[in-house]
Amino acid sequence: MTDYLLAIDQGTTSSRAILFNRTGDRVVQAQEEFPQHFPNDGWVEHDPTDLWDSTLSVCRKVLDKAGVMASQVASIGITNQRETTLLWNIETGEPVYNAIVWQDRRTADYCKALEDKGFADIVHSKTGLLIDSYFSATKIRWVLQHSLLAQQLAAEGKLAFGTVDSYLIWCLTDGEVHKTDATNAARTMVFNIHDQCWDSELIQLFGIENIIFPQVMDSSDDFGLVNDRWLGAPIPINGVAGDQQAALVGQACFKPGMVKSTYGTGCFLILNTGDRPVVSKHKLLTTIGYRINGKVSYALEGSIFVAGATMQWLRDGLKLFEDASETKSLAEQSNYDNVYLVPAFTGLGAPYWDPDARGAIVGLTRDTGISDIVSAGLRSVCYQTKDLVDAMAKDGAEFNSLRIDGGMAVNDYMAQFLSDILEISVERPKITETTALGVAYLAALRIGWFNSLDDVTNLWLADRAFSPLMPAEKSQTLYSGWLDSVERVRTSD
Ligand SMILES: Nc1ncnc2c1ncn2[C@@H]1O[C@H](COP(=O)(O)OP(=O)(O)O)[C@@H](O)[C@H]1O
Ligand SMILES: O=P(O)(O)OC[C@H](O)CO
């Protein structure tokens, strides 16, 4: 009897596997962190072997812990950090360079030059994205320019590109399958989100021809069989989605106007816009929410590069506490409102898009203490969310509740302050690992465990709702202090 779904969540700082049962309950979970490499200012890399080894290891661990055999797993779903770029030999699987991570800013100058030459409109109209080093295309170009092996393989027609999902699918199927899904493809800056195909004009613009791009599938589809040597049985892969889009599914945001915000390493606010790709005038991204049975649901996205990563920096860099779970009680001890932490460690994302900005702590006085800085760190995530919500409002999207999830969402101080600053209700679901849950649902849909997305809607359960408690006037004063602080670190308009 195949009673389980295995969700793989390959994130920026850790790989996780979660085993779910038929009703979407989490049975067992395993997680492994892996090293981050920062070879230069603004550069962030992962060793592809770490991504693969940690993924395989957590899959084996969950099966082991649960006492479940691979033959009892009906299907696998893969969700992943998006945009992160890998290039490998399609015949041997040997990567030609480290994975260049979404946060990496090494191609910022090249992106600026493209903008100056007037290419922003064509890129935006085809991909829904702004020209930025965040996305895969210019990372691919960088590897091609700096790796002789990559050039040689490209010339021989053997150089494969993929985001993390494709690389893991390639590894899991022992090189049999080179596929991705539409949500991941939509983050590469060479995928036409209207025609649903790789765009040859953009591929030429970025000078990344002669590369083998993965076949683009629905998010709920057939992605091949895991080779039985890895887990002990040939399990099919039936769900694939970028982690932020998987969270949209896990949060059951299926109606146009529904919105979720996921707080992991970064924070990503995604609004479902239905079958209509909405074009932002305020530097938000148009992207694909999910594609099921060939039907695309579009979304509007605001991307913040640093959310939970601020907590990691306060813990590992400043050594202010030992565990992120201490931050709630620390922040509650703070009596100061005027300390602001602007976590622009790798520039600022939406709606500023300023890759050269760097972080700052503003408003320090002689008696500022650890609790004030921790509280400023948690609040910075809420202020940044408000930046996104305001940008969406200017684009005509107003909403009166927001569903939150991700590692940071368990923090009640953060959730309450978020509600206060946004002046709307903030809802937290019972399962905050909605990313893994979402991709498990996508797999379940494909294998017939669910008939439609309505089944997912029926499973969504609230844990707690937070309503605004702060007087609106105070909330607005605090936010204007944030805007002033951001102005101090910005390098461009
Ligand atoms: N109780 C907490 N309060 C605040 N931040 C937290 C808490 N628990 C975890 N985090 C932060 O959440 C992040 C982990 O979330 P996760 O969704 O696993 O991220 P990712 O998928 O990006 O690796 C870390 O950056 C961590 O610092
Ligand atoms: O690793 P996360 O959860 O912060 O997600 C990373 C995003 O997918 C980057 O776009």
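Quick reminder: no glycine exception, Cβ is built from N, Cα and C everywhere.
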Report task. Would you identify which residue of Tyr134, Tyr167, Tyr298 TrEMBL lists as part of the sn-glycerol 3-phosphate site it also attributes to Thr12, Arg82, Glu83, Asp243? Result -> Tyr134
Requested in this report: Around ligand 2, within a Cβ distance of under 6 Å, which of the binding-site residues Thr13, Arg82, Asp243, Thr265, Gly407 show up?
Outcome: Arg82, Asp243, Thr265
Query raised in the report: Of all the binding-site residues given, namely Ser14, Gln244, Gly308, Gly407, Asn411, which is spatially nearest to Arg82 (sn-glycerol 3-phosphate binding site) at the Cα level?
Result: Gln244
Report summary line: Expected list for ligand 1 (Cβ under 6 angstroms, binding-site residues Arg16, Arg82, Glu83, Tyr134, Gln244) reads none
Query raised in the report: Beyond Thr12, Thr13, Ser14, Thr265, Gly308, Gln312, Gly407, what residues of that chain have CB atoms within 8 A of the centre of the ATP site's CB atoms?
Result: Gly11, Gly264, Ala309
Requested in this report: Give the residue from the binding-site residues Gln312, Asn411 that has the most other Cβ atoms within 10 Å of its Cβ, counting over every protein chain displayed.
Outcome: Asn411
Report summary line: Around the recorded glycerol site (Arg82, Glu83, Tyr134, Asp243, Gln244), other residues with Cβ within 8 Å of the Cβ centre, ordered by sequence, are Gln81, Thr84, Trp102, Arg187, Gly242, Phe268, Ser303
Query raised in the report: Which of Thr13, Arg16, Gln244 (the binding-site residues) has the most other Cβ atoms within 10 Å?
Result: Gln244
